[in-house]
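Colleague: Reproduced below are the annotations present in TrEMBL:
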DOMAIN    79-160  domain 'Copper amine oxidase N2-terminal'
DOMAIN    168-267  domain 'Copper amine oxidase N3-terminal'
DOMAIN    292-706  domain 'Copper amine oxidase catalytic'
ACT_SITE  Asp370  active site, proton acceptor
MOD_RES   Tyr458  2',4',5'-topaquinone
ACT_SITE  Tyr458  active site, schiff-base intermediate with substrate
Amino acid sequence: MERKNFLRCLLFIFGAVLLLIFTVYNLPNELSNNPELLECTTNSPWCISKNRILGKKPNFLHQPTTTLGHDHTADVPHHPLDPLTIQEMNKVHKVIKSLYKDTVYSVHSLVLEEPDKEVVLKWKKGDDLPPRKASVIARASGKSYIFTVDIETGEVVQQDTSQFSGYPYVTLEDMQAVVWAPFSRSDFNRSIIARGVDPKNAACLPFSSGWFGEAEEGRRIVKLECFNTEGTANFYMRPIEGIIVIVDLDTNEVLEIVDKGKHIPIPKAAGTDYRLSAENSPVFKLPNPVSMEQPNGPNFVIENEHLVKWANWEFHLKPDPRAGVMISRARVRDSETGKMRNVMYKGFSSELFVPYMDPEEAWYFKTYMDAGEYGFGLQSLALDPLNDCPRNAQYMDAIFAAADGTPYVRSNMICLFERYSGDAAWRHTESPIVGEEIREARPKVSLVARMVASLANYDYVIDWEFQADGLIHVKVSLTGIVIVKGTSYVNMNQVNGEELYGTLLSENIIGVVHDHYVNFYLDMDIDGIDNSFVNVHLQREYTNGKSPRKSYMKVNKEVAKTEKEAQIKLSLYNPSEFHVVNPNKKTKVGNPVGYKVVPAGTAASLLDPEDPPQKRSAFTNNQIWVTQYNKSEQWSGGLFAYQSHGEDTLQVWSDRDRPIENRDIVLWYTLGFHHVPCQEDFPMMPTVSAGFDLKPVNFFERNPVLRVAPYVEKELPVCKAAASA
């Protein structure tokens with residue numbers, strides 16, 4: 001009798017387990033009967049969920065794309081700074097496989113090990129290229145490795161990584177592998193079902209965890225936030241609030257599930273889908289489209305894939321998996337002498353910092369360093385012709401390395417185009433005082449190099465714009481989707497003094513206050529490598545009764561001797577200009593030649609300097625920095641930014657207080673945005689932009705565009721609409 005009861009109990013338990021498994025995973029019968037569902041191959045959240053349930057590998061994040069009409073297999077380098085070719089990467093891949101033949105490894109970075117600066121500066125077209133080397137960052141057996149590979153000989157030189165507290169940026173494969181991890185836990189599945197979410201409609205995204213103390217040491221972790229994808233492509237507007245799944249990136253083990261928001265409803269899908277096909281309201285469309293047309297072709301050329309020549313400018317342009325775009329060897333032709341003159345050896349976006357201002361458990365860690373944690377360039381997809389870039393644009397592909405070290409092509413990552421919007425390069429009208437009316441104007445045409453990085457919800461547009469007057473304008477544009485927090489509130493009249501940490505954008509949706517900072521590395525070489533940084537301080541001076549005027553503004557120039565003297569916090573009521581000059585070369589009238597940085601986008605971080613996120617992103621402590629050139633100091637948040645402690649940052653380097661007067665120096669500028677979300681940001685944020693200028697100051701003897709030809713009607717092309725052509 002006891003044996004029969006025991007067997008009955010065992011059978012009951014077994015049946016209950018089967019029922020639980022069925023309920024948890026909620027596998028609909030049509031999965032086994034409907035071949036369309038079984039053959040889900042797109043990147044939609046629906047297919048991701050189906051593939052996850054069926055045990056297929058997720059295909060969630062940006063996948064390597066194939067080039068369209070351009071075969072890169074035969075590419076060869078022509079310039080010392082040209083990126084690695086497919087053939088070169090394949091050689092390095094063989095070396096990596098031989099190093100780790102008995103070990104599971106992942107490649108986190110495989111890029112050109114650039115030759116020393118003096119070697120590049122001495123090289124001239126027609127010279128043999130310096131030895132080509134690859135810089136590799138890899139992980140194996142829970143450790144990070146940095147080494148260089150001589151592409152010709154296969155020789156490997158390894159570097160010490162013991163000084164770094166953090167990890168390399170995560171690979172796309174890392175992120176793809178963890179999106180299924182939450183669904184392996186029955187408690188997670190039960191929780192989302194209890195909230196009314198069908199597991200097949202749930203998608204979880206991996207977010208970097210930051211670093212907040214010793215409890216997070218020893219593991220490379222990621223925190224996943226989950227969303228309900230049902231009814232909209234804009235699943236970011238449907239957060240499953242309060243669930244955070246902490247996963248070990250090396251093992252895909254779920255370490256902890258935080259589940260504290262069961263009382264918070266999931267926002268509705270209605271009105272959140274931003275796709276044109278999903279929008280039911282009338283479409284706003286100009287009856288006569290506006291387009292920049294160049295039927296006779298562009299005025300720029302791209303020699304050997306990467307050397308750009310336009311008007312009086314010449315520079316090397318290449319994609320980079322971490323920085324996105326790198327501008328090198330920027331030189332401008334002097335209109336008086338006809339000679340090419342050095343302006344900037346290298347410029348790129350070094351690091352980003354995006355801290356969200358919500359200290360609660362599901363939000364406090366959201367303090368992203370997008371370049372050092374994800375790779376700014378790795379998150380750049382193919383640009384959309386006509387909408388991302390005008391019709392007159394040309395495109396440049398990127399060749400990156402997958403986690404196993406094999407190369408792939410990211411097509412159309414950068415676009416290059418000329419811009420004319422009707423602005424004047426200069427103009428003047430003079431009345432007939434001199435006996436005749438004078439009216440002179442010149443068109444302002446510029447050249448733009450653009451990339452767009454899609455970092456989960458946000459899209460960043462980076463423009464490097466070159467003008468014929470010698471000015472370089474660097475612009476950052478933010479758009480995409482504001483990451484939101486679920487709430488029980490549907491109207492502000494329900495809020496009784498509670499801190500929302502943001503703005504109620506729609507029913508059950510809070511847009512959390514946050515900042516965006518983009519730090520730029522600018523190795524200025526004004527007519528040579530030895531430059532100085534000058535603070536041109538503008539201050540009030542009194543006349544002391546010597547004039548009817550009581551006061552005026554006086555210029556006081558101070559040359560920074562050391563790095564700490566060049567740590568600049570901008571102040572509206574303590575203004576300065578900031579010049580990089582070559583004290584060894586002067587104009588005919590005796591002024592040192594130079595360029596100045598013209599600040600804009602000047603938001604400053606309000607976080608405490610000892611707050612862990614601020615220590616890690618200490619480059620936001622100042623808007624302007626100047627450091628002594630050091631080839632190893634390029635990434636302002638540190639080489640290994642993921643879970644770093646802040647011991648390898650621009651602040652640390654600058655605090656060494658090295659001499660910078662008449663030295664090879666690097667200028668750093670941090671562009672900042674405060675973002676208090678508003679209802680106009682829902683469900684898709686209109687583009688917000690800010691930029692800064694690198695402007696000639698006593699660099700030329702006179703206005704370099706004085707002799708630019710004006711437009712004449714008969715010289716301009718006549719364009720016809722396609723329908724009437």
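Easy rule for this one: first residue shown is 1, then count along the chain.
Note: Cβ is positioned from N, Cα and C throughout, glycine not excepted.
Predicted automatically and left uncurated, TrEMBL annotations should be read as such.
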Colleague: Would you kindly give the Cα-Cα distance separating Asp370 (active site, proton acceptor) and Tyr458 (2',4',5'-topaquinone), rounded to the nearest Å?
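Modeller: About 11 Å separate the Cα atoms of these two residues.
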Colleague: For the domain 'Copper amine oxidase N3-terminal' (168-267), jot down how many residues DSSP puts in helix, in strand and in coil.
Modeller: 29 helix, 31 strand, 40 coil
Colleague: In the structure shown, with every protein chain counted, which of the recorded positions Asp370, Tyr458 has the densest set of Cβ atoms within 10 angstroms of its Cβ?
Modeller: Asp370
Colleague: Please count the residues of the domain 'Copper amine oxidase N2-terminal' (79-160) that DSSP assigns to helix (H, G, I), strand (E, B) and coil.
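Modeller: Breakdown, helix to coil: 20 helix, 28 strand, 34 coil.
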Colleague: Please compute the mean pLDDT of the model over the domain 'Copper amine oxidase N3-terminal' (168-267).
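Modeller: In the predicted model, the domain 'Copper amine oxidase N3-terminal' (168-267) has a mean pLDDT of 94.
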